[in-house]
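According to Swiss-Prot, the FMN binding site annotation covers PRO11, MET12, LEU13, GLN63, LYS132, HIS165, ASN205, GLY206, GLY207, GLY227, ARG228. Residues or ranges marked as site 'Interacts with tRNA' in Swiss-Prot (evidence: sequence analysis): ASN90, LYS177, ARG180, ARG293, ARG296. The active site, proton donor annotation in Swiss-Prot covers CYS93.
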Amino acid sequence: MTHSCRLSVAPMLDWTDRHCRYFHRLMTKETLLYTEMITTGAIIHGKGDFLAYNQEEHPVALQLGGSNPQDLATCAKLAAERGYDEVNLNVGCPSDRVQNGRFGACLMAEPQLVADCVAAMKEVVDIPVTVKTRIGIDDQDSYEFLTDFVSIVSEKGGCEQFTIHARKAWLSGLSPKENREIPPLDYPRAYQLKKDFSHLTIAINGGVKSLEEAKEHLQHLDGVMIGREAYQSPYLLASVDQELFGSQSPIKKRRQIVEEMYPYIEQQLANGAYLGHMTRHMLGLFQNMPGARQWRRHISENAHKPGSGIEVLQQALAKIPQELDV
């Protein structure tokens, strides 16, 4: 494997698009970045280039939603040809829309099908094929249910890496948002899974809010995936390389990161992109700092205006007190 899963940013629908990933990559060279989940149907039949990304994003993984082995193999092959570093199968998303398409968390109940999907993808690509799943679904939440799933998908499908969202999913009655918050976290179950499947690479996801917490999990597991916290307080990514990968590079200041976004933004604007689609990912950069609210407000109120450019960010940056060396 050419990249590490030691720390990754979770695939998050409507959030981890290519603009977001470019922004995150400015802060960390080592963190593995994931696309939003993209369905096989969108890639095979949709209009538009759903696989577009920037070369600077590497290492970057494509997360696929689907349950047809042949379609998944087709998409995995396209991803590998485009240079993605990993393909990940979504077996964790609980939304009704996803279930109706017969993919996501409901696939936990069909481990042989998941194994077939993984095997079909592995047959056509040399890059890692991984699975992101939950610890259970509905009332099927025993440890045995999880170990049966991992056994079948690893032995029959050849999957060597699993990211475990340490909550079960309720397939009805809870919204996707509630499914990320209401089912209790069970980290020890993921730790036990690593003990029982020591030959597999096991990463954890769910509720991780700091690099200190990530370090604690890394005492027991191979990797940690951070979701909402990395999006809402993205500056935590700025010290990942130093804290978790031993980098000697200086940690970038927030102002430097904003300024490093300017050339990218100008290039994207020239290609017809909309400023707000890029700046929305940057709103949390000054989280909990003096001037943070003014920074967010100025961007939110101005980025959507016709003809807006990097001057919106320059003006927003001026709202942060100059004496702060941030």
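Every residue gets a Cβ built from N, Cα and C, even glycine.
For ARG293 (site 'Interacts with tRNA'), the nearest neighbour among the recorded positions PRO11, ASN90, CYS93, LYS132, GLY207, judged by Cα separation, is GLY207. Ranking the binding-site residues PRO11, GLY207 by the number of CB atoms within 10 A of their own CB puts PRO11 at the top.
Around the Cβ of LEU13 (FMN binding site), the same chain contributes GLU36, MET37, CYS93, each under 8 angstroms and 6 or more positions distant in sequence.
Listed in sequence order, the residues of the same chain lying 6 or more apart from ASN205 (FMN binding site) and placing their CB within less than 8 Å of its CB are ALA10, LYS132, THR163, ILE164, HIS165, ALA166, VAL224, MET225, ILE226, GLY227. Residue environment of ASN90 (site 'Interacts with tRNA') contains 23 other Cβ atoms, counted within 10 Å of its Cβ in all protein chains. For GLY207 (FMN binding site), the nearest neighbour among the listed recorded sites (ASN90, LYS177, ARG180, ARG296), judged by C-alpha distance, is ARG180. Recorded residues ARG296 (site 'Interacts with tRNA') and ARG228 (FMN binding site) have their alpha carbons 17 Å apart, per Cα-Cα distance.
Candidate recorded positions: PRO11, ARG180, ARG228. Nearest to ASN90 (site 'Interacts with tRNA') by Cα distance: PRO11. Around ARG228 (FMN binding site), the same-chain residues six or more apart in sequence whose CB sits under 8 Å from its CB are MET12, ARG180, listed in sequence order.
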